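Input: a single structure, listed below in structure tokens.
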Amino acid sequence: MDVSDLIDPLNPAQREAVTAPLGHALVLAGAGSGKTRVLTHRAAWLVRVEGATPWNLLAVTFTNKAAAEMRGRIEQLLGLSGSGMWVGTFHGLSHRLLRLHWQEAGLPQGFQILDSEDQRRLVKRVMRDLEVDENRWPVRQLQGFINARKDAGERPEDLDTGDPYSGQMARVYTAYESACRSAGVVDFAELMLRTVEMLQNHLELLGHYRRRFRHVLVDEFQDTNGIQYEWLKLLAGPESDVFIVGDDDQSIYGWRGARVENLQRFREDYSNTRVLRLEQNYRSTSTILEAANTLIARNSDRLGKKLWTEGEQGEPIALYAAFNEQDEARFVVERLMAMVEEYGLARRDIAILYRSNAQSRTFEEALLARRIPYRVYGGLRFFERAEIKDALAYLRLIANRDDSAALERIINTPTRGIGNRTLEAIRLAARDQDVSLWAAARGLVENRGVLPARAANSLRAFLELIDGLAAESADLDLADRLETVLERSGLRGHVGKDRSERAQDKLENLDELITAARSFEQDATIEEGMDTLTAFLAHAALEAGEGQAGAWEDCVQLMTLHSAKGLEFPVVFLAGLEEGLFPHRMSVEEPGRLEEERRLAYVGITRARQRLLITYAERRRLHGRDEFGIASRFIRELPPGLIDEVRARFSVTGPDAAGGGLGDGVIPEAEFNLGERVQHSRFGEGVVLDCEGSGPNARIQVNFDEVGAKWLVAAYANLERA
Ligand code: ATP
Ligand code: MG
């Protein structure tokens with residue numbers, strides 16, 4: 001059998017890992033050393049050489065993007081597709097198991113997934129019902145608590161409720177669970193926990209999957225948390241081989257319960273684990289790799305790895321100190337435009353990475369202004385936009401009338417005369433009778449005289465609308481169904497009426513949703529036992545943003561450092577490297593958390609293949625406040641010799657210089673920063689946007705508060721700092 005295509009593209013250490021005899025293996029290696037490549041080749045090796053069938057494989061990773069890439073690679077190496085191979089994320093695979101075995105899991109067949117915003121609303125509603133004071137018990141905190149408990153595998157009854165504090169938390173958790181149950185919804189954490197419990201309680205099912213999944217492969221193992229580890233241990237039975245790859249230096253989910261110690265624990269739980277190491281980096285230039293190595297060397301408690309490259313030295317790392325966040329975005333966008341236009345780089349080869357989601361907006365605006373297509377992963381994802389969630393809530397309610405979160409969202413959107421008082425009455429009835437909001441509303445409408453006539457009529461009309469939509473659209477395909485819903489519910493008209501500039505955007509988003517539905521129907525593989533609507537809704541909740549507009553278009557990629565894990569780009573802009581932002585101010589006091597931030601910086605730097613550009617802003621407006629930033633310690637921790645500081649300041653020379661310029665040093669010269677506020681005698685105050693040329697010919701563009709943007713000849717403009 002010719003397996004040279006599996007072996008040839010590997011170095012000796014990688015080859016050893018791919019061709020290792022059956023048994024457990026752990027590949028522990030640094031960024032860009034080919035761990036993911038080894039994992040995919042190993043999967044193909046198992047089928048082609050060890051006689052496994054694709055059906056025997058379970059391959060797990062952390063993001064949908066990574067999972068899709070992994071599936072593609074394995075299928076390509078196997079020369080087949082749609083092979084019954086299970087490749088996915090922990091959440092996606094759990095969802096699949098629950099859909100297949102909803103009865104064993106104790107779920108309604110049409111259960112829906114609650115994303116984190118829906119979850120927050122539900123927690124809030126539960127707290128209101130229990131009369132828990134939101135000021136003392138912030139909703140987010142309780143939401144976080146519930147998720148953390150679930151991630152640790154704990155139900156309310158497992159909690160110690162000795163003191164009033166824990167008692168209160170457990171009370172909300174209990175009520176939240178029962179609200180989820182009556183609505184037939186599961187949150188993200190529940191997907192995992194419910195799957196684990198289902199397997200534990202149904203040994204025949206467990207046995208079936210254990211026999212099936214003879215080979216379990218896990219990428220990015222360093223980021224598994226307690227429940228994920230449990231999940232793996234369950235599914236990988238005594239007969240299974242487990243092949244895991246990971247890098248302790250890239251463990252960045254400690255804040256969400258991930259335990260890098262799982263790497264160690266794995267070696268104890270799975271005896272005879274073969275440990276393999278890869279040391280050659282194939283991704284980055286030596287400059288980038290050296291910067292990454294130097295940075296991460298500051299962390300203590302490392303398992304210790306070497307990483308070297310044969311790659312060329314490449315260009316130095318560019319560092320730009322921006323005046324403010326606008327100037328930072330301008331720099332990034334201008335640079336990337338130059339790369340695209342002058343060097344013919346594809347836009348998708350360029351990534352802008354940042355620490356927190358809120359940073360994306362400025363970049364988005366700058367890209368929009370220049371009409372550069374871009375795509376944001378994570379953050380306010382397409383499926384999380386209000387108008388999209390409204391539209392989806394109609395579909396959810398059509399699929400499952402008991403989905404109270406969906407009902408609450410749209411019962412009065414668009415406004416149809418169902419006020420807070422009516423809603424309160426529905427909530428109360430639902431609580432008393434322990435039924436869903438839909439069932440309670442139905443009861444209220446049927447019992448004459450409980451609600452005032454007007455309210456009862458509006459409510460009846462709403463219930464009929466939903467039932468009618470469900471009946472009318474049952475035979476339509478998904479896109480037409482959505483179209484019907486948008487029209488008949490009045491949602492499209494409602495969104496279009498909005499007076500803000502955003503109305504047009506929102507309408508376009510709704511159209512995009514129809515496009516998404518259409519392409520989903522054509523391209524997606526729909527799991528056994530699921531109807532298209534349910535599958536689409538699950539896709540919207542789970543894939544958040546990855547089925548978004550223009551996925552196929554050549555787009556600049558924007559994402560947080562967390563979502564960039566495992567990916568690589570020829571050019572990476574690492575933005576917002578300021579103390580307080582990155583490392584995050586919450587983490588600087590605690591050594592453990594600071595080290596996690598440093599690992600995050602390591603992840604960021606090692607995403608870059610050829611060019612790395614780092615920026616920070618001396619002043620930043622974030623969350624509505626002006627902050628003054630100094631360069632992040634992570635910049636100072638890089639070898640200075642590898643960094644090339646970009647000059648930000650430009651000088652404007654006065655008119656005297658025009659005449660030959662040997663004036664006795666009385667040439668008035670002013671330095672302005674882009675983004676700086678200046679004052680003009682006639683136009684008033686404004687912000688420096690741009691400049692071109694130099695010396696007497698320099699022109700400067702200022703965006704004046706009163707009169708808008710203007711180009712001025714700098715020498716005559718007599719600008720002063722404001
Ligand atoms: P990360 O830790 O960031 O997830 P990784 O260890 O998974 O990185 P890969 O993504 O598998 O690394 O590989 C990094 C890059 O190096 C990829 O572009 C991959 O195709 C390439 N590569 C890996 N091994 C080799 C090899 N033996 N020859 C040539 N290129 C290789
Ligand atoms: Mg990888």
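Backbone N, Cα and C define each Cβ position, glycine as well.
Predicted, not measured: the structure shown is a model, and the values here were computed from it.
Marked as domain 'UvrD-like helicase ATP-binding' by TrEMBL: 8-285. Look at TrEMBL and you will find Ala29, Gly30, Ala31, Gly32, Ser33, Gly34, Lys35, Thr36 tagged as ATP binding site. What TrEMBL lists as domain 'UvrD-like helicase C-terminal' is 286-566.
Only Thr36 of the binding-site residues listed as Ala29, Gly30, Ala31, Gly32, Ser33, Thr36 bring a Cβ under 6 Å of any atom of ligand 2; the order follows the sequence. Only Gly32, Gly34 of the binding-site residues listed as Gly30, Gly32, Gly34 bring a Cβ under 6 Å of any atom of ligand 1; the order follows the sequence. Between the binding-site residues Ser33, Thr36, the minimum number of other C-beta atoms within 10 Å of a residue's C-beta occurs at Thr36.
The domain 'UvrD-like helicase C-terminal' (286-566) scores a mean pLDDT of 86 in the predicted structure. Remark: Gly30 (ATP binding site) has Asp247, Asp249, Leu278, Glu279, Asn281, Lys305, Lys306, Leu307, Thr606 as non-local neighbours, by Cβ distance under 8 Å and separation of at least 6 in sequence. Contacts of Gly34 (ATP binding site) defined by a Cβ separation under 8 A and a same-chain sequence distance of 6+ are given as Leu10, Asn11, Gln14, Leu278, Gln280, Tyr282, in order along the sequence.
Using the Cβ center of Ala29, Gly30, Ala31, Gly32, Ser33, Gly34, Lys35, Thr36 for ATP, the list of other same-chain residues with Cβ within 8 Å runs, in sequence order, Asp247, Leu278, Asn281, Arg283. Less than 8 angstroms from the CB of Gly32 (ATP binding site) sit Asn281, Tyr282, Arg283, Ser284, Leu289, Leu307, Glu568, Thr606, each of them six or more residues away in the same chain.
Ala31 (ATP binding site): 25 other CB atoms within 10 A of its CB, across all protein chains.
Look at Ala29 (ATP binding site): DSSP puts it in a strand.
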